[in-house]
Structures are given as C-alpha cells and as structure tokens.
Amino acid sequence: MAIKKRSATVVHGASGAAAAVKNPQASKSSFWGELPQHVMSGISRMVPTLIMGGVILAFSQLIAYSWLKIPADIGIMDALNSGKFSGFDLSLLKFAWLSQSFGGVLFGFAIPMFAAFVANSIGGKLAFPAGFIGGLMSTQPTQLLNFDPSTMQWATSSPVPSTFIGALIISIVAGYLVKWMNQKIQLPDFLLAFKTTFLLPILSAIFVMLAMYYVITPFGGWINGGIRTVLTAAGEKGALMYAMGIAAATAIDLGGPINKAAGFVAFSFTTDHVLPVTARSIAIVIPPIGLGLATIIDRRLTGKRLFNAQLYPQGKTAMFLAFMGISEGAIPFALESPITAIPSYMVGAIVGSTAAVWLGAVQWFPESAIWAWPLVTNLGVYMAGIALGAIITALMVVFLRLMMFRKGKLLIESL
C-alpha cells in the first residue's frame, strides 16, 4: 500500500491538544507544484483576448492593404487624409481604422488579463484587481520622475515596459500577498465588508505601485531592453537566431505554456516593430502539417503502416486544423510516441521557419495560418518554408518510427 507524504506533522502538547506543524519542504514542493496551474489559468483566460484582438487587427490590415491596395509604407490614417478614397471605399477605410484601433486596445489587454487571472487563481477574487493593475503597469508603466541638475527642475521619462516578465512576477507576488493578508488580518464580522472592499484592495494597490515602480519595471525593462539591443545590433544574424529560438519555443509543447510565453515575446517585439512574427506563425502550422503528412507517405516510402490505426484520421484532422492556425492537432502523435514526434517537428519547425526568414518572408500581423497569409510579404517564400518544415518533419518521423519498429521498440496496431 502506498503511503503519501503528509504536509504537516501532528504534535501532542502537554494539554493533549493536537497542533499542526507545517513541513517547510512540503510547502515548498506544494508552491512549485501549484505554480504551473496558476500560470496556465492566466494563459487560458488570456487566449480569447489575444485571438479577438489579433483577428480584428488582421482584418483591418486585410481591408486596407489587400482590398484597397494601400502601399505598405502608408498608414491607414494617412490614407484617409490623402483624399484618394470616396464612397464605399472610404467607408471601408473608416471601418479598417476602427478595427485597427479597437483590435489594438483588445490586444493591449491580453497581458493585464493574464496577470489578473494568475493572481485570482492564487489569492482568490480579492487578488484579481491587484493582478490586473500590475499587468496593466507592465505594459503601460508609470512615468519615471528624474531631477535634472543642469536645469534644476524635475522631469519625467518613459521607462521600458517589463511586459510579460513583469506581469508574471507581479501577478504571482500580488496573488500570494493578498492571500497572506486575507488570512492574517482578522477583523470582527461587522468589519468584513471594510476589509474586502477597502483595506485589502488599497494595501495591495499600494504594494503593486511601489513594487512595479522601484523593482519590477526596472528589472523587466532592463531585460527587455537588453534583448532588443542585442538582436538589433546583431542585424541579420540576430534575426535568424531569434527566429530559431522563437520557432523552437513555439513548437515544443504545441500550444502549452512555453508556446504562450514565446507568443508574448514575439508579439511584444512585433507590436513595437522590432522584429516580425514570421518565425512563430510558421512554427505553429509545421508540426500538425508534417505529422499529418507522415500518415499519408509512410506506406508509400516503407511499404508498411507505421502508425496506430486511430492516428491516421487524426493526421488528416491535424492538417486541417493547421490551416486554421491550431497546432494542438499534433498532440495525439506527441503523446503516443514523444521520442519520434517531438524531435521531428522541432527540427522541421526550426529549419522551415529560419529558412523562410532568411529568404525574406515577413509577417508583421499577429495571427497565423490563413488569417494572415494574404498580408505576408514574399508569400511564396513563406509557403516554401512551411512546406520544407513539414516535409522534414514527415520524413524524420517516418524514419524514426521505422527504426524503432525494426528494433522491436514500437508496437503498431493494424487497421
């Protein structure tokens, strides 16, 4: 019979009463065990905001730059003021401007939503406002107050936003702080409303303000600024290294937390017009297309079926979902045989994404698959990168499965 470790030891005092003594090691393990769940809670609530903002933003660009043929170096507002549009085209352009503005606002709420729900998952609904405020300050930090000795005057300056790094740190800290304060601050029943609607919100807001201003924004901004400086200074080599890293992080867990973190990094660079989102968008679709393709070519290449019966229809489904920008269709393959699937689609995603970036494919619009393809610069090269990555993925997984089958390490259920 398995005996589970207890998180507390019962000690009997002189009076015979039992007292629970916390085990620090168990509490530490519990913290690290629960933390990924809290982070995923924030990510799952943030994704709809990202999708809404991204799709509406992409739609505005589709109207302006594909349908109305506005030159890529001209903004929508400049096009409105050019006097070249009238009637229905002018109405379309106005709608494109509205979609761009609204989509940008929605997109800007993604990180605050993430931070709010991470804090909420940790500290309950009382921690939600603190998390939201912290997430908002990570994208729109408070101005820095500086004294200029030359003019003997105070002036303000804009710090580098801490973005995802800052939101992650402040949401966790604020969540546990509110949870601790709620447990430790004991008031009479008639003051509970005062505690939950005034005292805890004010204390947590002051903490977030001070922590973000003096610690988290400088730290996160320093990291973000350093990364951008290095990538910009490295030029083409930096862009290729960035593409490889983003592609690997995007593909590795097929929509999981690492993928979402890579999305935050990529989108922050894209919205600030530092680096395009090309590599991430390509890496999203390569794994499901490649694994789906493997179920089609395995018998033609090897003379035998190398996948279990249920994976063949799932391969076709994965390919279809890939064109919708959904990589989760590849998950059954990764679960069934991670040793063959994960290395294959990782290599395919890295090679295909990097090749497309190196050959000049550019995508600035924060969406993937068919939703953004009409807005890609050098679409032919972009699609060639997807094809290259998918073919590499398919060939690798077929070859690895064949090797394992011949060694007797792969059991295949026949159709």
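Each Cβ is built from the backbone N, Cα and C atoms, and glycine gets one as well.
The shown structure was predicted, so the numbers you read here are calculated from the model rather than taken from an experiment.
Positions annotated as domain 'PTS EIIC type-2' by Swiss-Prot, on the basis of sequence analysis: 35-415. As annotated by Swiss-Prot, topological domain 'Cytoplasmic' applies to 1-46, 123-126, 179-197, 259-276, 400-415, with the evidence given as sequence analysis. What Swiss-Prot records for 68-101, 148-157, 219-237, 298-318, 363-378 is topological domain 'Periplasmic', and it gives sequence analysis as the kind of evidence. Per Swiss-Prot, the feature transmembrane segment maps to 47-67, 102-122, 127-147, 158-178, 198-218, 238-258, 277-297, 319-339, 342-362, 379-399.
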Cβ-Cβ under 8 Å with the transmembrane segment (238-258): same-chain residues at least 6 beyond its ends: 36, 39-40, 43, 230-232, 265-266, 269, 275, 278-280, 282-284, 286-287, 326-328, 330-331, 334, 342, 345-346, 348-350, 352-354, 357-358
The transmembrane segment (198-218) touching the transmembrane segment (277-297) per 3+ Cβ pairs under 8 Å rule: no
Tertiary contacts of the topological domain 'Cytoplasmic' (123-126) (same chain, 6+ residues out, Cβ under 8 Å): 174-179, 182, 196, 200-201, 204
Mean of pLDDT values spanning the topological domain 'Cytoplasmic' (179-197): 94
Range from 158-178, 342-362, 379-399 with most C-beta pairs under 8 A to the transmembrane segment (127-147): 158-178
